[in-house]
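Peer 1: Let me give you the structure first, and then I'll get to my questions.
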Amino acid sequence: MATSIEHEDSFEQEETEEETEEEPKVPKIRETPEDIKLEAIGNTIAFHPNQDILAAGDIDGDIYLYSYSCTEGANKELWSSGHHLKSCRKVLFSSDGQKLFSVSKDKSVHIMDVEAGKLVTRIPKAHTVPVNALLLVDENIFATGDDEGTLKVWDLRKGTSFMDLKHHEDYISDIAIDQAKRTLLTSSGDGTMGVFNIKRRRFELLSEFQNGDLTSVSIMKRGRKVVCGSSEGTVYIFNWNGFGATSDRFAVQAESLDCIVPITDNILCAASTDGVIRAISILPNRVVGSIGQHVGEAIEEITQSRDSRFLASCAHDELIKFWDISSIAEMKVTDYRRRKKKDRRLKALSNKAFDTGQNFFAGLLDTTEENGKEEEEEEEENGDDDSDSGSD
């Protein structure tokens, strides 16, 4: 009898072990969401202002909405739209996240209902040529720029544009506006930056011509500086209200700086046709390292999440990648320059970026007492960081 009981106990133990093996594995939590594979090359991406949602537009004119998560396998396509007849050039969420605006090579502007995934407003012939740039000013006003340099500013309440100005000789690549929502800035393939007053509905001026196309424009340094990227890999810096000529410029070892996104008031991320995303300090002017890369593939756009934790990028490899940029907020860059090493490759600033050798942290301060003293000494020697370095 004892033998029989022992046999039953052994059998129950085996059953328990089998049940344990069949229990589902706990989902892995990643540092960043997994890559999202598109069906065509992505031109544009945008983060939702309130939720973990990302929109993407591709060269076929399709728009996709995804939910993203750091939980492995949790990224999900919510809906897709094929209303554009040609390549989707830019997508942007409204400030409340309820609408998704898009512009296209088919010359149209579309507005989608985000929750329903349905087209609610269509402006079929917004421009006479393909539309390339888009900026949302407020809940009613938005601006568009086209391939021949025309800027239009629209009022949704009237359904028409109240500004229609052509002062650029080539495509408008990007549009920015100041905090007061008065001065609108455009970057153009003709090598100039345009300045427009949307309160008075008029053109103000064009900057001097720069080398190559101006591919992007952003306002930094608490509104005191305007920064433009270029097809020549040069960063151009303008003083606010000194838009006619650059106050500073510096070359980055990149084929082209096609998209720039300010992360803090002093550091921006720049995407290049060489597939590398660089973190760049503005005044002092310094490339501080690499955030990530699409190996050998040109990057079309980068964008920052609402909590500044992630940077997303889309490139010619048909992938959307996510990068951890949470550490950038704590970075401090001094004016102090150590002797340059012969190895000028970029230092990785995120775990997913390639570490290629050079110590780019040489110009970065840790939050230690000793380094704090060094910073004070450097400020005394070099003056205010916001002063122009005069470097070419």
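Glycine too: its Cβ is placed from the backbone N, Cα and C atoms.
Residues annotated as compositional bias 'Basic and acidic residues' in TrEMBL: 1-10, 23-33. According to TrEMBL, the feature compositional bias 'Acidic residues' maps to 11-22, 367-392. What TrEMBL lists as region 'Disordered' is 1-33, 365-392. For 124-164, the entry in TrEMBL reads repeat 'WD'.
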Peer 1: Taking every residue in the repeat 'WD' (124-164), what is their average pLDDT?
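Peer 2: Result for the repeat 'WD' (124-164): average pLDDT 97.
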Peer 1: Under DSSP, the compositional bias 'Basic and acidic residues' (23-33) has how many residues in helix, strand and coil?
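Peer 2: Going through the compositional bias 'Basic and acidic residues' (23-33) residue by residue, I get 0 helix, 1 strand, 10 coil.
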